[in-house]
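A.B. asks: Starting off with a structure, shown below.
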């Protein structure tokens with residue numbers, strides 16, 4: 001078993017992608033860094049390229065062991081779902097290009113792991129992230145969701161170890 005593990009949680013979006021780095025060492029979770037990427041560029045393809053570059057910079061800077069990525073949920077319309085799926089593909093590609101394994105989690109699974117219900121509001125998730133990490137949540141909602149994904153994954157890893165499955 002590794003002495004510590006570092007996970008990047010990512011909440012993909014075409015307008016804003018939240019990310020958060022959480023490290024677990026000896027059962028203690030620590031916030032390393034977090035932020036939000038607002039891609040720049042004239043057209044959608046340029047924004048996707050900027051998202052890739054910015055996220056790749058984060059991955060290179062923090063060298064996470066694994067990535068927990070929020071899966072695409074149902075969007076209000078097909079065009080929105082397609083754009084979200086493309087942004088998510090860019091996120092997965094940026095991680096894979098740097099050798100970081102990607103684990104997907106449905107939003108309801110992440111919410112249930114942090115709040116106890118899969119229908120929790122973003123504010124509730126952000127509050128619980130702050131409680132778990134022992135910090136005051138002063139980040140964007142997308143960043144809180146990304147940190148929640150990282151915490152959810154670290155909890156899943158711990159449960160797998162305790163069950164003797166890893």
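Using the three backbone atoms N, Cα and C, a Cβ is placed for every residue, glycine included.
Annotation comment: Swiss-Prot describes 11, 70, 142 as active site. Among the features that Swiss-Prot reports, Mg(2+) 1 binding site is placed at 11, 142. Annotated Mg(2+) 2 binding site per Swiss-Prot: 70, in sequence order.
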A.B. asks: Based on Cβ atoms within 10 Å, give me the single least packed residue among the active-site residues 11, 70.
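C.D. replies: If we count Cβ atoms within 10 Å for the active-site residues 11, 70, the smallest count is at 70.
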A.B. asks: Counting across all protein chains shown, how many other Cβ atoms sit within 10 Å of the Cβ of residue 142 (active site)?
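C.D. replies: Other Cβ atoms found within 10 Å: 24.
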